[in-house]
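**Student:** Dropping a structure here in structure tokens format, bear with me for questions.
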């Protein structure tokens, strides 16, 4: 071992030293090697360090930077733009953008009207509440949202989730008024949840639901939604209220002989085939994007006209019958602000709000990436929260970004959120003048429209890719999928969240470690499993820890290193008399260490001392080296046992392994 002179901590990051005491047989100039000491960062004031940590955690995007060195009037305007982005982009708005937004708005309106009626039925609400939710919330979002492409309104998954959770508390058929009030209460708290996450800049919590879990949950929800539509698609009157596939299929087949209506099935199958064909045309020719967008409205018009002229409702074809005419009535007094349903509304609202938020943020980021602009996740949460809070007071239920409508909005050439305003105006006109025309709309066509819409939620290609990349992610995906279709939507959601957290815990508590070897002709040391040509150094075991060392994994890391050591010693004994004298721990990936981690290193050091082995550390980062010095562990093992690189550490142990020419 070389002896290293001690210097003060302030000098450690600038000093260099030579190896002065190599064995006499290696005192040749070609083996001389300059070694840099590991730098110790200067001591920081505790409050400054705490401030920097909070800033990086919650304000990494530096939201106040635009306000720097601005006049008071300019700061006021920037403050308005922060909450109302429309103030910023409306100044550059022109007729060309308006033309694109009008076309896009009319296109998504033709898609949303029939969808909204169907989605309201998923939530066990009257059809007009779906239309209400595509009138007020999009207007609010247009003023407060930062995405140019997202289309706002009810969506299938949230409608099903809300309907299931509400139905568990209040029966929508026996107590429709209380059920509706609880729906508004849940919507209110969904908005409060979303806005609070945005204001407190806690948007990163949404990311705890992994992509794999979302894929599985959405796929399971899509199948569950499609199965629920069999009631209207087949004309079954006595249908189960459960959502699991076993109960639904039992209900379907038990009514084959007396519950199915062939006229209803004919309508449903015919128009479902038409919708699928329209979707096929749209995918095959991008210029025909408007065909699948307008197909649902055409289907509703044709099916309604067919039922009207044939009076099919008299032959058992179920129809909508009545949709209230007029704009949204106030529902402020319907929200439960006290009583037994307050807590239930809060719980349902938090769950629905988080799912709605996850879907909207994912959609917004997807289309923002396509058009190469940025959306502010926290602003999006505030906007989504505000629109749902206002919506809950105007007879709306939870609204969010719709992927199908957003895709159509994007393809139709939308330029700004004005397309949402155009859609809202069309929905308003529908509520004022057209709703009576939906009286004869058959439920079968609404079922066909929903089935056609949710098919896109089943992402088989993403599932295959998940299987290829990460088997644990695949387990999370399938767990969420089967939980939804075989148990319930809320159980599937719990499984998705549970497996996502389990993966995080597994990665934290069982981090990867690797044995390193030297690549021939270099001084580079890499994982011997990844690079089979890398060679181990006789008498030295080099282990890399690929994680921060915390209380949750410190004991495992210590024990894993000792197991590596035992395994290597057994291999060496089998091959010859050579023994391991040095253990080098490569700490480049170790971003942080806590007191438990320090204790684990001390225990490892003591164990190695008893076995007459030297512990050497290579390349600890600034946070780690600072804590090693603060805990006196650096002094315990010796300053001369901490090196900048693995090559330096190996050279100090065995100089003949200096960098090869």
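Even glycines carry a Cβ here, placed using N, Cα and C.
What TrEMBL lists as domain 'STAS' is 530-653. If you look up TrEMBL, you'll see 150-170, 182-200, 212-230, 260-281, 288-309, 346-369, 381-400, 420-438, 445-467, 479-502 marked as transmembrane segment.
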**Student:** What are the DSSP helix/strand/coil residue counts across the domain 'STAS' (530-653)?
**Tutor:** 63 helix, 21 strand, 40 coil
**Student:** Suppose I define contact as three or more CB-CB distances under 8 A, residues 6 or more apart in sequence; do the transmembrane segment (479-502) and the transmembrane segment (182-200) meet it?
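**Tutor:** Between the transmembrane segment (182-200) and the transmembrane segment (479-502), which are separate recorded stretches, there is no contact, as judged by 3 or more close Cβ pairs.
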**Student:** Cβ pairs under 8 Å with the transmembrane segment (346-369): which stretch of 150-170, 212-230, 288-309, 381-400, 445-467 has the most?
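**Tutor:** Per the Cβ count, the answer is 150-170.
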**Student:** Using a threshold of three or more Cβ pairs below 8 Å, and leaving out pairs closer than 6 in sequence, do the transmembrane segment (182-200) and the transmembrane segment (288-309) count as in contact?
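**Tutor:** The transmembrane segment (182-200) and the transmembrane segment (288-309): touching, no.
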**Student:** Which residues of the chain, 6 or more past the ends of the transmembrane segment (212-230), have a CB below 8 A from one of its CBs?
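**Tutor:** Those are 122, 156-157, 160-161, 236, 239, 243, 245, 248-249, 252, 358, 362, 447-448, 450-451, 454-459, 462-463, 466, 470, 473-474, 476-485, 489, 492-493, 496-497, 499-500, in sequence order.
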**Student:** For the transmembrane segment (381-400), which recorded stretch in the set 150-170, 182-200, 445-467 gives the largest number of Cβ pairs separated by under 8 Å?
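**Tutor:** Result: 182-200.
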**Student:** For the domain 'STAS' (530-653), report the average pLDDT of the model, please.
**Tutor:** 92
